[in-house]
Structures are given as C-alpha cells and as structure tokens.
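One structure below.
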Ligand SMILES: *[C@@H]1O[C@H](CO)[C@@H](O)[C@H](O)[C@H]1NC(C)=O
Ligand SMILES: *[C@@H]1O[C@H](CO)[C@@H](O)[C@H](O)[C@H]1NC(C)=O
C-alpha cells in the first residue's frame, strides 16, 4: 500500500511540476511533497500527525490556487486537477487508516463495524423506547468510518433500516437488475470486492440510488417504462406490491445526484419520498408513504433547493438536505424542513460532514442505530450521529 501512495504522490508532483515550472511555488510544493514521501516511509508511526499536516498542506495549496489570477486560467485548471489528486491521496489514506491498527484522526467506534455486534444486538431494547417518542434532531456527526472501497463511483449500501437483521445490501451502480446481499457487515469488509455476497435478481431493473430496505422488504424505484415503486419481499423473493409514482417528468431531485428522480427514506415513523415536479422545479417535494399500501398520505413543497443538493434523509419527520459544490467544499446539511414545523432552518445547526471526498450518491438514515450509511465516490462510509432533543432548542 506504500507503493500506491508513493505512486499517487509521484503523479501529483509530476503534474505540479509540468504546470508550474515557472511558478515561484514549484519549489515549495516539490519540497513539501518529498517531505511527505519521506514520511510515508514511517507511516505506521506517524499516521495521526502525518494526516493533519497533510491536510494543512492541502489547505495551503487551496489558498494558493485561490490566489491565482484569471489570466492564468490554464494553470488554474491544471492546479485544480492537482487538487483533486491531493484529495484522492487523502481519501486513500483515510481508507488505509481503517485497514491498519494505527489510531485514526477522526474518532472511530468499533461498534460501527460490528466488532461487538452480538453484544450490540442484545442491547437494542432501549432504542425502541426512544423510537416511540421521536423528539430528536441532529446535533452533529460524531464519528465516521470508511468500511469498504468498491470503485463504482455511485451506488447505494444499506442495512434493513428497521429490523434486527444484520444483513447488508449493495446496489453497485445507478441501475441494474441484480443486488448483493451479505449475511453480515464483516462479510463485506473482510473479503475483497463482493465475493461473499448472495446475488438477488429482481423482477424489474432498479434505477438510481433512492431505494431502501425496511422490515424485510425492499422498496425500489423502477423508471422504465414509467416511474413505479416496487415493494419486494426479500424472504420469498416475490413482488408484494407496486404503485405508480406521480413523477411523470424526469426532473432529478438533487442536482448533484442527477440519477435520482425519486429518493426513498425511512425514519422513526415511517416511509418518505423526496422527488421533484414540473410545477415546482426548483425545490424538493416531500411525501409521506404508507409502507403497507404504498399510498401517498400527504405531500409538502419544501423550501429546500434542488440546486447543489447531493442527497437527503428524514429523521423524526424532519427532512435534512445535504449540499455540496462541484469544487472542493465539504458536504453540509444546509436546509431542513420539519413537517411538524418545530425544527426550522434558523434553529437547526449547520452540520458539516467530517471530510470531503466526492459527492454522496446515497445517504440512508438508520433510526435504530442513529447511523447514516453513505456511498461517497466509491467508498462505503458509516457516519454516527449525535442527537439532541428538539425541546432543547
Ligand atoms: C448488471 O451489472 C453486471 C455486473 O456489473 C453487468 O454485467 C450486467 O450487464 C448489468 N445488468 C444490467 C441489466 O444492467
Ligand atoms: C411471500 O410471503 C408473504 C408473507 O410472508 C406472503 O403473503 C406471500 O403470499 C408469499 N408469496 C409467495 C409467492 O409465496
């Protein structure tokens, strides 16, 4: 793995040298890069310090890029390319951190990867009590863990969001007719690729990353020949129900995840759908679904823009929309909409995700665990949420 990092850095330093041979900071960058190469050699001892210095270095580069004036548009573009290389190195480091026992620089909880899965499942009772009252909202993201790297840029991974099942499901891509089922999380993390998975072939292909698994059923989106919601029984692998969805025009619901026209979410109280309509092209619409019949019970026009949204999820009846921008910024929850009108944008904290890689192509909230299962540019990530009472507002 040292080889991989050194190669990344070599490529990066080559790019930077070609582009910036006249520039005053070429030498500086070169010097810093070789320093980092040296440090990679003592990787295991220095993971923590190295990471934070690397980030500092990256921030300095970003500042320099911002400083370049317009005339040097060409240089600017190339440097932006270099920047994305830096981010890739950084992400690779994060992933490697989870693969070796060195201390990580973001708090990591073993429970996130199911090390204590047996114990955890015996302690599930108190959580169900909490589900009933549902007065919580997000306070912050407490921890993250990259559990897997699958290369496919966009996809979905999730557990059954409302059952004791340890099974994990992978939708590898943004459209196919086959999904992958793992008996437990460790079958995904401890073996390469998808070898430990059972394949489940669905009766109709799925489209996008808006699907979810809820109480033993897979709810998924089909968009050919028209938008349809399919409720699929994962036990006997039959279609339990299906419904047309009033999203007749193809308007992506998040501009940064354009493959999603309908996105399903589960919260403590039931099922939700986020979608866009021709009448309200600029803002995300929210609907509450009956999990049994798939009927739409109620609909809301939210004030949350589609522009620059990458994904969204619902907690206790509040929609949280995650935004990003094309160039180097961190994902953040920047719009909330509470169907009960308690949590408002002004009262909700601006929650930043710990790091920036690409765009989250899917984010699924698990009410039982207070986790987000996210797929970010080929990496499968768990975020652990810190919650607070709405009444503390
Ligand atoms: C589904 O994915 C597999 C593996 O990537 C691919 O071989 C197959 O052609 C895909 N099928 C469809 C219907 O897209
Ligand atoms: C599948 O299981 C559900 C309930 O578990 C049952 O209602 C349904 O009839 C079953 N379908 C088939 C084809 O066995």
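Glycine is no exception: its Cβ is also placed from the backbone N, Cα and C atoms.
Taken from TrEMBL as is:
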{"type": "COILED", "residues": "65-99", "note": "coiled coil"}
{"type": "DISULFID", "residues": "134-316", "note": "disulfide bond"}
{"type": "DOMAIN", "residues": "133-389", "note": "domain 'Olfactomedin-like'"}
{"type": "SIGNAL", "residues": "1-21", "note": "signal peptide"}
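According to DSSP, residue 316 (disulfide bond) sits in a coil region rather than a helix or strand. Its own atom aside, the Cβ of residue 316 (disulfide bond) has 22 Cβ atoms within 10 angstroms in the protein chains shown.
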